[in-house]
């Protein structure tokens, strides 16, 4: 295996373009990749690839810190976060920092601290990235064998996989510790309209936790996205963190079995494709979570979900017309169904009208009015509280339906506010990124499989535009 490092000049993809731009072991002549192929030039230069990855981490953390401080600087405490286009402060608020009852921001200092910590971290990462990209050793195998690797070394690759899994498990436990011991997290279901609380009674029953994975993804089932209490969420992170850490230890201590050695492609590009496939699933899952889930993404910070805004509109007009003397239990709508209330396919009492399609919605402002058979008529007549009316009127006018030119809200709602909800931004961006990463997964998986089969020759470069251009130097 020791001889593999010296094969840096050779790579299994044949690329034919002018190699006039020399970059000391990072040019096309020695790597088979031109300057614009980026990190592909560093496939077999573990030290330089480390620099690229550390610098990339620095850019990511710099964005987090800078954007965090930007949001703090622009934040107006009197307005809800979702009306101000914020996407980072809602995450910090959800973790219980700086907020009090009802999701009201009482202290912005923790947000400032978060921004500064990320900014300082990014400087450290940036320095490390530049050091390893420009000054550090080209390869780590000779001087630092623990950090060195050869892509074909299956045992080393699964050891690296194990280390990554342990780090992910520690990350999951950080949330658990925050919820249990370090001030708790924001619970939108806390009595009286949401509050920060410590999560004490964790759900650790495997039947409940893994039951989510077995649920249908449709309708009122909603797969894991349907989770709606923090005990299950934090308990799920205990399970997830434990599985990741135990799996990490397993992968560090063992070598891949024969079936895995045969079934998988063992090359840098193959690992890239596996990672892109995983990130694609993360993106699609995050998209569904932020669009539908109002427990993990509390509506106090992210605005109502689409179904929530629709049900809020029905509730608001039920309240208004009931005050004006309508009998909401028996009033008939234009289609012959109930105007305010009707029955779902399974017999529960639900809101009538167009919002009937969202009858699965669960929201903290609405659940107190439900009985064993859906909405309770006597509670609707006697028990509606002013905070529920205010909350639903607010959500009705803030549906997450804005377009880029910000013609926002439900088309039928004349009081809708013109804004684009963070739910729209986050769901759309994660769907699009999830899709792109999936395409990248297919692309790199195809190339890696072809290279492993020995017939990858790259693209025909005879008519490459770059060939007719003046060399950069």
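A Cβ is built for glycine as well, from the same backbone N, Cα and C atoms used for every other residue.
Within the same chain, no residue at least 6 positions away in sequence has its Cβ under 8 Å from that of residue 367 ([CaMn4O5] cluster binding site). Annotation comment: Swiss-Prot describes 367 as [CaMn4O5] cluster binding site.
Swiss-Prot lists 15 with the feature phosphothreonine, giving sequence analysis as the kind of evidence.
According to Swiss-Prot, the feature N-acetylthreonine maps to 15, an assignment based on sequence analysis.
The transmembrane segment annotation in Swiss-Prot covers 69-93 (among others) and rests on sequence analysis. Remote same-chain partners of the transmembrane segment (69-93), defined as residues 6 or more beyond its termini with a Cβ less than 8 Å from a stretch Cβ, comprise 99, 103, 105, 108, 110-112, 114-116, 119, 186, 297-298, 300-303, 394, 398, 417, 419-423, 425-426.
The transmembrane segment feature in Swiss-Prot is assigned to 134-155 (among others).
Annotation comment: Swiss-Prot describes 178-200 (among others) as transmembrane segment.
Cβ atoms under 8 Å from those of the transmembrane segment (255-275) belong to residues 12, 43, 151-152, 154-155, 157-158, 440-445, 447-449, 451-452 of the same chain, restricted to positions at least 6 beyond its ends. Marked as transmembrane segment by Swiss-Prot on the basis of sequence analysis: 255-275 (among others).
Annotated transmembrane segment per Swiss-Prot: 291-312 (among others), in sequence order.
Taken from Swiss-Prot, the feature transmembrane segment applies to 447-471 (among others), supported by sequence analysis.
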Based on DSSP, name the secondary structure state of residue 367 ([CaMn4O5] cluster binding site): helix, strand or coil.
helix
